[in-house]
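Enquirer: Residues annotated as region 'Disordered' in TrEMBL: 1-63. Annotation comment: TrEMBL describes 7-23 as compositional bias 'Polar residues'. Residues annotated as compositional bias 'Low complexity' in TrEMBL: 32-53. Under the heading coiled coil, TrEMBL lists 147-194. What TrEMBL records for 151-232 is domain 'VPS37 C-terminal'.
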Amino acid sequence: MFKFWNSHEQQAQPHPQEGSSCSWYPPSVVGSTNSSRPATLSSSASNSFNSQTPAEWSHSLSPVSPTEAAGVIALLKDKSVDELRKLLSDKDAYNQFLLSVDQVKIQNNIRDELRNETLQLARNNLDKEPQIMELRNQCRIIRTTELAAAQEKLNELDRQKEETLKFYSPASFMHRLQDAMNVTEEESEIVNRQLLDREIDLVTFVQKYKKLRTSYHRRALIHLAAKTSPIG
């Protein structure tokens, strides 16, 4: 049987490119199996096969952990050389074997769950699009009508507040108090002139003049106190 195996290899030597063209694996992987023995894999061939992880064939796959690698090796160690060669040369056979690995099943299930959840979220977002558009329209209406009216009312209240603060400010109070004193002084002069012109009698003059002068001096005292106060 050993001579038959050698004769088979010698017949395959004139066509080295045929074997490599049929395989979709790297040449180093395919070459490692061509040099193996029929009954069992040699240690060098086995190490060469085991060292070729899927991460070396596709940058999109992450390297496997030692535990996962041991599990895959356990699945491969009971396969014959022909089965291993078929995995190297037949992409469909390799994919079928790959999908039967538990770790791959778990990853595929996680991927499917994430994809389904993403699709569900996308559908929910699309279902809410009319509601979002309606809320946008309402916000636009509020911004152009109700907000404008509220802003105008706020501006009016701000204006009233400024006027109130200005009216009750110390400076405004002193100014109005001084104006009131001046008015009282002028009214006192008018009453005095009326008495001199005999337009009013003495009793009426005394009543009016006393009231006006009392008001004047009370305001004058308040004005003086405000001027000497620290707040003033």
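Heads up, the Cβ atoms here are built off N, Cα and C, so glycines get one too.
Describe each of these features in terms of where it is and what it packs against.
Expert: Averaged across the domain 'VPS37 C-terminal' (151-232), pLDDT for the predicted model comes to 89.
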Enquirer: Please count the residues of the domain 'VPS37 C-terminal' (151-232) that DSSP assigns to helix (H, G, I), strand (E, B) and coil.
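Expert: Its residues fall into 71 helix, 0 strand, 11 coil.
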